[in-house]
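Asks: Feature annotation from Swiss-Prot assigns site 'Essential for ion permeation' to N254; the stated evidence is similarity to another entry. According to Swiss-Prot, the transmembrane segment annotation covers 256-276, 288-308.
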Amino acid sequence: MFNIFQLKNNCLFRMDSQDVISSINDVIWIDIIQSDDNESHDIQSISEQFKINFFEIKDILKNKRFCNSKQGVYIRSFFFSYNEDNQIDNSIVSFIICNNCLYTLRESGFSVFCIYQESLNNHVLNDGNAYELLLSLFEVKIDDLTDRIEHIYETLERLSFVIMDEQQIDGYDSILEDLAKLESMSWKIHINLLDTERALQFLVRKVKLPVTQKRHANGILRGITLLLPYNECIFQKVSFLTQSVMGLINIEQNRIIKIFSIVFLPPTLIASSYGMNFEFMPELKWSFGYPSAIFLMILTGLAPYLYFKYKKWL
């Protein structure tokens with residue numbers, strides 16, 4: 001399927017595909033989403049009217065992330081999308097700017113595009129050109145990444161109170177699982193920010209942008225420059241909390257080993273004493289010798305445990 005947008009009074013309006021084909025000159029954005037055979041005729045018709053060859057563009061974008069040619073500007077950039085398992089991942093979106101029209105080639109499940117297209121009235125294009133629209137999409141992407149970074153920070157703060165609590169911690173596995181997910185998300189955000197920075201630097205340095213859009217691109221770049229160290233701090237905090245949890249797990253394991261040593265060492269000593277092959281061992285001839293040995297083993301195992309527990313050494 002595909003979405004087609006027209007610019008009226010500096011605002012975007014979603015158009016019906018059949019209506020647009022008859023008035024193609026006003027189109028500023030064609031968002032192509034997993035086009036199938038049933039729509040190939042319409043796409044071919046649009047391609048002919050716009051004089052753009054999508055098959056040739058796909059060949060160009062296979063070898064290059066960015067390209068500026070006489071035919072147009074081509075950019076491939078990472079955006080967050082949801083995969084089949086409903087997990088967030090970095091996926092490629094292809095952008096083509098040709099004859100003041102923005103083409104986007106992507107799969108479904110990209111949250112930034114859904115957010116942008118659901119609130120078209122909030123996005124006014126003052127200059128009304130395709131570069132302004134492209135930068136608006138990048139700006140929404142950065143806002144989305146910023147929100148995700150803030151969410152990671154809030155989650156880490158909550159986990160910090162749980163991990164650093166003086167009480168004994170239960171559920172180490174779930175905490176480590178949460179931290180692993182946060183670390184993965186933070187890394188994906190880092191890659192996404194770096195990729196967006198490269199795309200914007202390409203636009204600023206290699207493309208002849210209008211003055212307003214060049215200023216807009218530089219502003220987004222400054223925002224990315226501020227976000228990268230912040231996200232790096234988040235990444236380091238995730239690593240610190242992971243190491244803290246691993247340290248607490250080691251302490252808990254040592255405590256368990258200590259309990260086993262305290263409880264089982266004295267009974268083992270008694271049992272091994274009566275395993276010695278001496279000729280004179282009076283207890284072996286007692287009728288109550290065996291129960292006495294069992295009782296003594298239990299007593300010597302329980303007494304040190306209770307004493308250590310009383311002294312709060314365990």
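Backbone N, Cα and C atoms are what each Cβ position is placed from, and that goes for glycine too.
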Asks: With every protein chain in view, how many other Cβ atoms are within 10 Å of the Cβ of N254 (site 'Essential for ion permeation')?
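Replies: For N254 (site 'Essential for ion permeation'), the count of other Cβ atoms within 10 Å is 10.
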Asks: Where does N254 (site 'Essential for ion permeation') sit in DSSP terms: helix, strand, or coil?
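Replies: The residue in question, N254 (site 'Essential for ion permeation'), is helix (DSSP, three-state).
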